[in-house]
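Chemist: I have a structure I would like to understand better, so I am pasting it below and will then ask my questions one at a time.
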Amino acid sequence: MSYLEYTVKTVPAGWRKMLFINWPLVILLTAIAGVGLLMLYSVAGGSMSPWAEPQMKRYALGLAVMFIVAMVPIWFWRNMSVMAYLVALALLVAVEFFGTVGMGAQRWINLGFMRLQPSELMKIAMVMVLAAYYDWLPIKKTSHPFWVLVPVFIILLPTFLVLTQPDLGTAILLVAGGGLMMFLAGVHWAYFATVIAAGIGGIYTVFLSRGTEWQLLKDYQFRRIDTFLDPSSDPLGAGYHITQAKIAMGSGGWTGRGFMQGTQSRLNFLPEKHTDFIFNTLAEEFGFIGGISLLILYVLILVFCIVSALQNRDRYSSLLILGIGVTFFLFFAVNMSMVMGLAPVVGVPLPLVSYGGSAMLVLMLAFGLVQSAHIHRPR
Amino acid sequence: MRRAPKDTAESVRKISRRGLFLGGVQLAFAGALGLRMQHLQVDQADEFRLLAEENRINIRLIPPTRGQIFDRNGIIIAGNEPSYRITMVKEDAGNVDEVITRLSALVELDEDELNRALTEMQRSAPFLPVTVAERVTWDDISRVAVNAPALPGVTPEVGLSRSYPRRGDFAHVVGYVGPVSERDLARYEIPDPVLRIPRFQIGKVGIEARHEEVLRGRAGAKRVEVNAVGRVMRELDRREGTPGADMQLTVDTKLQSYINARLGEESASVVVMDVTNGDLLGIASSPSYDPNKFVRGISVSDFGELRENDHRPLASKTVQDAYPPGSTFKMVTVLAALDAGVVAPDETVWCPGHMEVAGRRFHCWKRAGHGHMNLEQSLRESCDVYYYDLALKVGIERIAETARRLGLGEAFSIGMSAVTEGLVPNKEWKERERGSGWVIGDTVNASIGQGFVLSSPLQLAVMTARLATGKEVTPRLVRRIGDTETVEGVGNDLGFNENHLRQIRRAMFAVSNNRRGTAYGSRIIDETFRMAGKTGTSQVRNITAAERARGVTRNEDLPWNRRDHALFVNYAPYEAPKIAVSVVVEHGGGGSAAAAPIARDVTLQALYGNDPPLDAYPSKDRERIRSQQERLQQVLRENDPDGRSRA
C-alpha cells in the first residue's frame with residue numbers, strides 16, 4: 001500500500017494539522033458562500049428568511065464537516081472510497097423506491113432534518129472510487145481495454161439510475177466528471193476520440209428519435225433544447241426563462257442596478273431566482289464587475305486545486321483533488337453557460353451560491369477531502 | 001504490493017501533464033464565460049435595460065370625467081353622480097364563501113352578478129379586485145365599511161356614473177350613454193384607448209353622441225411598476241387627464257318639464273323657439289323614457305316595452321319625424337302667391353266647398369263651402385279652395401322655393417340625432433324620385449300641406465319664427481361648449497316684402513283672436529301676450545269610398561293610428577314677437593281642438609316663466625284651466641329631482 005511510503009513522521013499530527021490546512025482555499029470558499037448569502041438576502045426582498053438564514057447554517061455545518069474530514073488522514077478516505085461508492089449507489093436505488101417527487105422527478109430522500117440528494121453524493125463518491133481504482137491499477141494497464149471497461153461500468157451504473165429519476169443535468173455531470181477522471185489518470189487519447197465521435201453520432205440519433213415511438217428524451221427535454229437553440233421561438237412559454245434571465249443579466253450593465261434594486265429578480269420576472277438563476281440576480285444588481293468577480297473567485301479555487309494536486313506526489317491524492325476540481329468546474333461552468341443562454345436549461349445549481357442543502361454539504365465534504373489530501377501529502 | 005519509484009514518477013508526470021492541460025481548458029472556458037458576460041452586460045446593456053423597463057413598467061389609463069350638460073339657467077341636465085360598488089380581492093378574503101355569506105347578510109346581492117363575480121374570481125389573478133355588487137346605495141356602503149373587520153378583502157369603491165336627474169324630460173334631446181360596443185369602436189379609425197377601459201361609457205344618441213369627443217375629454221395616465229404576474233407594486237408617476245368640456249343648452253328646464261307634463265301620454269311633440277336669436281327654449285317629444293335605465297343597462301323586457309309601444313317613446317318626434325304640415329303650410333302658399341303678385345289681399349275667391357281640377361274634384365274641409373273669401377278670411381277659417389286657386393296661379397316651383405326660404409326641407413344641425421330634412425317637393429324631385437311627371441293635382445294637394453309635403457315640428461317652428469320676424473332665424477340648441485359661446489341663430493332679412501308678411505301675420509292673428517278663427521277657442525285674453533297662429537289637420541289616410549258608404553267619416557270613429565294628426569303653429573306676443581311654437585299631436589284629430597290648447601298653454605308658460613294667471617284665459621275656461629294647473633303642478637313636483645331627494 002502506497003501510504004506506507006509516506007514518512008509518517010513528516011505528516012503533521014494533532015492540532016498542528018490546522019496550520020497546514022490550505023487556508024486561502026477556505027477563504028475563497030467562504031467568500032463565495034458570502035456572495036451567495038448576500039444574494040439570497042437580496043432575492044428575499046432584504047430578508048434573512050426564507051433562504052439566507054438556513055443557507056448560513058448549512059454553510060457553518062459544511063465548514064465543520066470540511067474541517068472534520070480534513071483532520072482524518074487521506075489514506076483512511078482512500079480505503080473508504082469503494083464503500084462510499086457503494087453507499088451512494090444504494091441510496092440511488094433507494095431513491096427509486098422511497099424518493100420524494102419534486103419538479104417531475106424523484107430525487108430526494110427526506111432525512112427529517114434535510115432532504116438528501118443521493119445523486120449529489122454520487123458525484124464525489126465516483127471521483128473517490130475512480131481515484132482509488134487508478135491508484136490501485138498498475139499504470140501499464142491503464143489503457144488496456146478490459147481495465148478501461150471497468151471504470152466505464154463504474155460511471156454508467158449510477159448514471160443510468162440518475163437518468164431514470166429523470167435528472168439529465170446530473171447525469172451529464174456524472175459522465176463528464178467520470179470521463180475527465182479517466183482522462184486525468186492517463187487513459188489513451190484514442191478512447192476519448194472514439195467516445196466523442198460516438199457521442200456526436202448518439203446526439204444525432206436522439207434528434208432522429210424525436211416524434212417516433214422510441215423517443216429517447218422526454219418531450220420537455222426536447223423543448224428545452226429547442227428553446228435553447230432559439231429562445232425567441234417561444235417567448236412566453238419555455239423560452240421565457242432564458243429570455244428573462246438574459247434581460248436580467250444584460251440590464252445590469254457595467255456596475256449593476258445596485259444591491260436589492262434588480263427589478264427582474266425583485267418583481268419575479270426571473271425564474272428560480274434563488275436557485276439555478278441566482279447568478280443573474282448577482283449580475284443584475286452588481287453588473288459585469290460583480291459577475292466577473294465571482295467568476296474569478298471560482299477560477300482561483302480551480303487554480304488552488306490544480307497547484308495543490310501538482311504538488312502532491314501521492315497518486316490517489318492528486319487524482320482526487322483534480323477530480324474534485326473538475327467536478328466543481330463542471331458545476332459552475334454548466335450553470336453559468338445555462339443562465340447566460342449558452343447551454344440548455346438542465347437544472348444545475350451554482351456551487352456554494354444557489355440555495356440548497358445537499359449540494360452545499362457535499363461540496364464542503366469534497367473540499368474536506370481536498371484539505372485532507374493537502375495536509376497529509378507525502379513530504 | 002509496493003510500487004516501483006519509477007512507476008510513481010511516471011504517474012506523477014502523466015497526471016501533471018493532463019492536469020495542466022485540463023486546467024488550461026478550464027481556464028479557457030472560464031475566459032469564454034467572461035467574454036459572454038461582457039457581451040451581454042457591456043455590449044448589449046442598453047437593449048436589455050430597455051427590455052427590463054418594458055417588463056416592469058405598465059401604463060394604466062385614468063378615465064377622464066365626462067363633461068356635464070346644463071340648461072340655459074345652469075340647471076344640470078346630464079351630470080356625474082357617485083356610484084358605489086363593492087369589490088373583493090380573493091387573496092385578501094381568504095375564505096371567499098364565508099365572506100360572501102357575511103356580505104350577503106348586509107347587502108342584497110344579485111344572484112346572477114354574484115355567480116359571474118365568483119367565476120371571474122376563479123379565473124383571474126388572486127390579487128385583482130372583482131366587482132361583486134354594483135350600484136349599491138350609500139347605506140349599503142356604510143354598512144360594509146362599519147363591518148370591515150369581518151369582511152377581509154371587501155372594499156367599497158366609488159366611481160362616477162352618468163345620471164340624468166330630469167329623467168324623461170331631456171331623453172330625446174340629450175340622449176344617453178352606454179357601454180362601448182364593437183359598433184362604437186368601428187366608427188373610429190383609431191379609437192381612443194380610453195374606450196377600451198372596462199365600464200367606460202360612450203354617448204349613444206342625442207347630444208351625448210353628437211358631441212361625444214367634446215364631452216369625453218382626454219384620458220390621463222399613470223405609470224405603475226408591476227411584477228411578473230401583473231400585480232401593481234407601486235405607482236411611479238401620473239399625469240391627470242383633461243376632463244370633458246361642459247356644455248350649456250338653450251333649453252329652459254322649467255319650460256321643458258312643463259311641456260312634458262302637459263303632453264302626458266299623448267304621442268306628441270312641441271318646439272318652442274326664441275324668435276330673436278333662434279334659441280330652442282323647449283323641444284320635447286312624448287311619451288318619453290328614462291335615459292338612466294340605459295346607463296345602467298336596460299333590461300330586455302323594459303326595452304321591449306319601449307319598442308312595442310305604438311306611441312313610439314324612443315322616437316325623437318321633434319326632429320326625426322316628418323308630417324304632412326296640413327293647413328299650417330297655407331302661409332307658404334299665400335306668401336308665394338303674394339310675392340309672385342298673382343293675388344291681392346282683398347281679392348276674393350268663391351268657395352263652393354270643392355273645386356274641379358283636371359277632371360278631379362278637390363274638396364274643402366267645409367263641404368258646404370265658405371262663400372267669398374279674401375286672404376285674411378281664408379286663413380282664419382282655413383278655407384282650402386282659396387289655396388287651390390292660389391296654387392294653380394302661382395305654380396309649385398315658387399311655392400317650393402318660398403317653403404325652402406322659410407326653413408322647410410332643411411335638416412338643421414342642432415346636435416340631436418337623426419334630424420330629418422322633411423320634404424319640399426317640386427317637379428324635378430318627383431321626376432327623380434318617383435319617375436313620373438308632376439301633375440296639377442300634386443300642386444293642389446301641396447298648397448294645403450298635403451300630398452308629398454313633409455315637415456318636422458322643428459321646421460314648422462322655424463317657419464313660424466321666420467314669418468314673425470322676416471329674418472333668417474335658425475335654431476340653436478347648444479349655447480356653449482366649454483368656454484366657447486356658439487353663434488346666435490339670427491341671420492339676415494329674408495327679403496320678403498314686409499307688407500306681404502304683415503298681411504299674413506294679421507290673418508294669423510285673426511285665427512286665434514277673431515270670433516270666426518279656427519283657434520278662437522284657444523285665444524289669450526292678456527292683451528300683451530296675444531298670439532298669432534295657424535291650425536292644421538293633416539290626413540294620415542284617405543277616406544275610402546267603402547268607409548264613406550258605411551258612414552265612418554268622423555275621426556273619433558276610426559282606430560287611433562288612422563286618425564288625423566293635429567297641428568298648430570304660433571308666435572307671440574303678436575305685437576313684438578318673442579317666441580314661436582309648433583305643436584304636433586299624432587292622430588290627435590283636429591288642430592284647433594287637440595293642438596291649439598297645448599300651444600296656448602305652452603306659450604303662456606314660456607312668456608310668463610311660470611303658471612300664468614287665470615285671467616290670461618277666456619273666462620269660461622278658467623275653472624278647467626285651474627284644475628289642469630293643479631294637476632300639472634302635482635306631476636311636476638313628483639318629477640322634480642330636488643323635490644324627490646328632499647322627500
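If you go along the chain as it appears here, the first residue is 1 and each next one adds 1.
Placement of Cβ uses the backbone N, Cα and C atoms for every residue, glycine included.
So TrEMBL lists these for the protein:
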TRANSMEM  A:20-44  transmembrane segment
TRANSMEM  A:56-76  transmembrane segment
TRANSMEM  A:82-101  transmembrane segment
TRANSMEM  A:121-139  transmembrane segment
TRANSMEM  A:145-164  transmembrane segment
TRANSMEM  A:171-204  transmembrane segment
TRANSMEM  A:286-307  transmembrane segment
TRANSMEM  A:319-346  transmembrane segment
TRANSMEM  A:352-370  transmembrane segment
Chemist: Same-chain Cβ contacts of the transmembrane segment (A:319-346) under 8 Å, 6 or more residues past its ends?
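Modeler: For the transmembrane segment (A:319-346), the far contacts come to 74, 123-124, 127-128, 130-131, 134-135, 168-169, 172-173, 176-177, 180-181, 184-185, 224-225, 227-228, 231, 241-242, 245-246, 249, 276-277, 279-280, 295, 298, 301-302, 305-306, 308-309, 312, 354, 359, 363, 366-367, 369-370, 373-374.
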Chemist: For the transmembrane segment (A:171-204) against the transmembrane segment (A:121-139), do we get 3 or more Cβ-Cβ pairs below 8 Å once near-sequence pairs (under 6 apart) are dropped?
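Modeler: These two segments touch.
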Chemist: Quick test of the contact rule: Cβ under 8 Å, at least six residues beyond the ends. What residues does that give for the transmembrane segment (A:145-164)?
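Modeler: Contacts of the transmembrane segment (A:145-164) (Cβ under 8 Å, skipping residues fewer than 6 from its ends): 85, 88-89, 92-93, 96, 119, 122, 126, 129-130, 133-134, 137, 170-171, 174-175, 178-179, 181-182, 187, 191.
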Chemist: Within the same chain, where does the transmembrane segment (A:20-44) have neighbours whose Cβ lies under 8 angstroms from its own Cβ atoms, ignoring anything closer than 6 residues to its ends? I mean 6 or more beyond.
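Modeler: Counting only partners 6 or more residues beyond its ends, the transmembrane segment (A:20-44) has Cβ contacts under 8 Å with 12, 50-52, 55-56, 59, 63, 66-67, 70, 259-260, 262, 265-266, 273-274, 278, 281-282, 285, 294, 297-298, 300-301, 304-305, 308, 350-355, 364, 367, 370-371, 374-375.
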Chemist: Would you mind listing the long-range same-chain contacts of the transmembrane segment (A:121-139), meaning Cβ under 8 Å and 6+ residues beyond its ends?
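Modeler: For the transmembrane segment (A:121-139), the sequence-distant neighbours (Cβ-Cβ under 8 Å, at least 6 residues beyond its ends) are 2, 77-78, 80-82, 84-85, 87-89, 91-92, 147, 150-151, 154-155, 158, 162, 170, 173-174, 177-178, 181-182, 185-186, 315-316, 319-320, 323-324, 327, 358, 362, 365-366, 369.
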Chemist: Grab the same-chain neighbours of the transmembrane segment (A:286-307) for me: Cβ-Cβ under 8 Å, and only residues 6 or more beyond its ends, written as numbers and ranges.
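Modeler: Residues packing against the transmembrane segment (A:286-307) from afar: 22, 24-25, 28-29, 31-32, 35, 249, 252-257, 259, 279, 321-322, 324-325, 328-329, 332, 336, 351, 353, 370.
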Chemist: Should anything in the same chain at least six residues away from the transmembrane segment (A:352-370) have a Cβ under 8 Å from its Cβ atoms, list it; otherwise answer none.
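Modeler: Contacts with the transmembrane segment (A:352-370): 22, 25, 29, 32-33, 35-36, 39-40, 51, 54-55, 58-59, 61-63, 65-70, 74, 77, 108, 114-117, 120-121, 123-124, 127-128, 274-276, 278-279, 282, 294, 305, 308, 320-321, 324-325, 327-328, 331, 335.
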